[in-house]
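Enquirer: Here you go, one structure.
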Amino acid sequence: MRADLDAFLEHLRSERQVSAHTLDGYRRDLLKILALAEKAGLSDWNALDTRSLRTFVARLHQQGQSSRSLARLLSATRGLYQYLLREGRCRHDPANGLSAPKSPRKLPRTLDADRALQLLDGAVEDDFIARRDQALLELFYSSGLRLSELVGLDLEWLDLKEGLVRVRGKGNKVRELPVGKAARQALEAWLPLRAQAAPEDGAVFIGRGGKRLTPRAIQLRVRQAGVRELGQHLHPHMLRHSFASHLLESSGDLRAVQELLGHADIATTQIYTHLDFQHLASVYDRAHPRAKRKGNADGGNDP
């Protein structure tokens, strides 16, 4: 079994030319399946059937493997069996039609509107770093950009006169987004300082040396701003989540929020309706005179 696995990995490396990172992922996942198969006394990939594989996956799930990790493992297993079938080394694919167990979907973390304003309304010093960081924070929250979209943003895609920005999102799809007044003002204050840094290319957000900021650098600046202004760790995607949640709460227009976020499937956007309900329930609990009543005083059953 190990020889077949090694042959498949070599096929991925030499013929499919997958990256070293992807190859390592395949190796780790398939070694897990191999270890479980050998522990069960199996000596051939043909001996692994769907029922056994389902049992293996369930065992890994019980050990704490996430649904995403298990889905990746099953994908790797399907790839192995497709290769073995083409090579005439096995007669079936036990992973065909098998899905990873679903875990409860975690709701995205957001800032409430007051906390978002607290983050953005602090005093800003008139220097290179402060103006740049304020501009990128404002743009994250104003337009709901992904981290990769902000990193890749070039000047030619920014139209401050019209208050618009174009970004290239997932699947290489381009979308046009509005830029709010506060974000426009922050960008207008930043761009003259950017020009003085001899930028190497058209990147909107650069370091002092003129190079485009990396994702890691932006994550660090956002986190530092969160600690400084809010006393909490903050991630760029939390600003995107806050943008979506606050917009949906104000407008109720799920389809518009989907378009602005660049979601291909509206089901992805619907997660924010759960956040909106959480907020409404919280307001109800705080404000409604009957919200925290434990039961009727007289124990009656009147409707």
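Each Cβ is built from the backbone N, Cα and C atoms, and glycine gets one as well.
Just lifted these from Swiss-Prot, have a look:
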DOMAIN    1-85  domain 'Core-binding (CB)'
DOMAIN    106-285  domain 'Tyr recombinase'
ACT_SITE  Arg146  active site
ACT_SITE  Lys170  active site
ACT_SITE  His237  active site
ACT_SITE  Arg240  active site
ACT_SITE  His263  active site
ACT_SITE  Tyr272  active site, O-(3'-phospho-DNA)-tyrosine intermediate
Enquirer: Around Lys170 (active site), which of the listed active-site residues (His237, Arg240, His263, Tyr272) come within 10 Å, judging by Cα atoms?
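Expert: So far as Cα distances go, the active-site residues lying within 10 Å of Lys170 (active site) are His263.
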Enquirer: Measuring Cα to Cα, how many angstrom lie between Tyr272 (active site, O-(3'-phospho-DNA)-tyrosine intermediate) and Arg240 (active site)?
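Expert: Checking the Cα atoms of Tyr272 (active site, O-(3'-phospho-DNA)-tyrosine intermediate) and Arg240 (active site) gives a distance of 11 Å.
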Enquirer: Please work out the number of neighbouring Cβ atoms within 10 Å of the Cβ of His263 (active site), leaving out its own Cβ.
Expert: 17
Enquirer: Over the domain 'Core-binding (CB)' (1-85), what does the predicted model average in pLDDT?
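Expert: Across the residues of the domain 'Core-binding (CB)' (1-85) the model's pLDDT averages 86 on the 0 to 100 scale.
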Enquirer: Cα-Cα separation of Arg240 (active site) and Arg146 (active site), in Å?
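Expert: With the alpha carbons as reference points, the distance is 7 Å.
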Enquirer: If you count the other Cβ atoms within 10 Å of each Cβ, which of the active-site residues Arg146, Arg240 comes out on top?
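Expert: Result of the Cβ crowding comparison: Arg240.
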Enquirer: Determine the most Cβ-crowded residue among the active-site residues Lys170, His237, using a 10 Å radius around each Cβ and all protein chains in the structure.
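Expert: Going through Lys170, His237 one by one, the largest Cβ count within 10 Å is at His237.
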Enquirer: Using DSSP, would you call Arg146 (active site) helix, strand or coil?
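Expert: For Arg146 (active site) - judged by DSSP and reduced to three states - the answer is coil.
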